[in-house]
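Trainee: Sharing a structure with you now.
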Amino acid sequence: MVMTPREIVQELDKHIIGQDDAKRAVAIALRNRWRRMKIKDPVLRNEIMPKNILMIGPTGVGKTEIARRLANLAKAPFIKVEATKFTEVGYVGRDVDSIIRDLTDMAIKQEREFAMKKVEHLAEDAAEERILDVLLPPARGTLTPGEKNTTARQVFRKQLREGELNDNEIEIEVAATPVGIEIMAPPGMEEMTSQLQSMFQQVGSYRTKTRKMTVAKAMKILREEEAAKLINEEDIKLKAIESVEQNGIVFIDELDKIAKRSDTVSGGDVSREGVQRDLLPLVEGTTVSTKYGMVKSDHILFIASGAFHVAKPSDLIAELQGRLPIRVELSALSVEDFVRILTEPSASLTLQYSALMETEGLTLTFDETGIRRIAEVAWQVNERTENIGARRLYTVMERLLEVVSFEATDKAGETVHVDKAYVDKNLGQLIADEDLARYIL
């Protein structure tokens, strides 16, 4: 069962502060994938296209973080790419079709993991038998069903399952690792070189060799080997392609960097506009050739994001604007947002630093006045210099706790309490001097 929009938003709330509109848009889009698959009429189901999303907002407000967290929530093929990495066909760089190829690779890996999980108990039993054959070699080369249940074998089996034999060394025959052949791909020819690499790897994939290792390590290797024998690679390919076509999600970051500004004319803009034109068929729906077969992009959900500081969404070519119908604006962060970022997420910065210092035996605590002062400092520096959003908190926290981090080993058993006075003492001079703040914070 896929999560409801409310559950998705609640899960995102654990990691991202504010930006409710963006969370709701993403949650609805994710749920609509499931709703579409539940429609019984195949003709109608095929006609329902995903509504692609464009997230607009300054840097450091949570656009990329929403994508990261969404990847964990979406039990579907998901890939995040930077728009700046791609160039128009004919220019040096990657072409946009490689997005779908990478997404398919991701789906193959995902489906293989699912398939291996289903057969893990059978693989475990087969690996166990192979190890017991080494520990108790059969007299005539093969074991009869009766011999598999002898008392000695059962004793060893019990010890093996309880981990008593984990450190024992054994010699076992395992598949030889294919020789890794690294081929440097010329721009735009990654697909051909990856096929060459896989061809060379398959040449030596059926060889075996005897290796000496601990029982624990042998168990892990043999479990993977046995699981690989039990799964059907053709089924995995078919399921992966279907999963990409019906449930795939592509997150395109930094879209504003390939927008052509209306008031500038430069040679680089030709390639930028070319990337937008190349993205059009992909976003609207086309068929891309991959090493696993043809993949249709008609029902893949595209989520794009950009700061749009210099360029505006209207600077994108009209056809691409039309293919991103849902627009969501993310707001700049306030002092209150910074306070919440430092305290509310399940892995907040204050918790992270406290946990790091705890490994040295030093107790690091933060009170409300200290947290609010850190938030105020970060907000002030953002206002006076470049606004880099929540990323400013990393810089401020590193600077604030630099001495503590350096001397933590010598202060084991002590407690460092971060309050307003502590923040002012360690950052006061930097805050007062704007030039220093510009370069250090």
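Counting starts with 1 at the first residue shown.
Here the Cβ of each residue, glycine as well, is placed from N, Cα and C on the backbone.
Straight out of Swiss-Prot:
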- Ile17, Gly60, Val61, Gly62, Lys63, Thr64, Glu65, Asp253, Glu319, Arg391: ATP binding site (BINDING)
Trainee: Are there residues of the same chain, six or more positions away from Lys63 (ATP binding site), whose CB falls under 8 angstroms from its CB, and which are they?
Mentor: Ala22, Met55, Gly57, Asp253, Ser305, Leu330
Trainee: What are the sequence-distant neighbours of Val61 (ATP binding site), meaning same chain, six or more residues apart, C-beta distance under 8 angstroms?
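Mentor: Counting only residues 6 or more apart in sequence, the Cβ neighbours of Val61 (ATP binding site) under 8 Å are Gly18, Gln19, Leu330, Ser331, Ala332, Leu333, Gly389, Ala390.
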Trainee: Go through Glu65, Glu319, our binding-site residues, and report the one whose Cβ sees the most other Cβ atoms within 10 Å.
Mentor: Glu65
Trainee: If the ATP binders are Ile17, Gly60, Val61, Gly62, Lys63, Thr64, Glu65, Asp253, Glu319, Arg391 per the record, what's the largest distance between their Cα atoms, in Å?
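Mentor: About 34 Å separates the two most distant Cα atoms.
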Trainee: So for Ile17 (ATP binding site), how many other CB atoms are inside 10 Å of its CB?
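Mentor: Total other Cβ atoms inside 10 Å, all chains included: 21.
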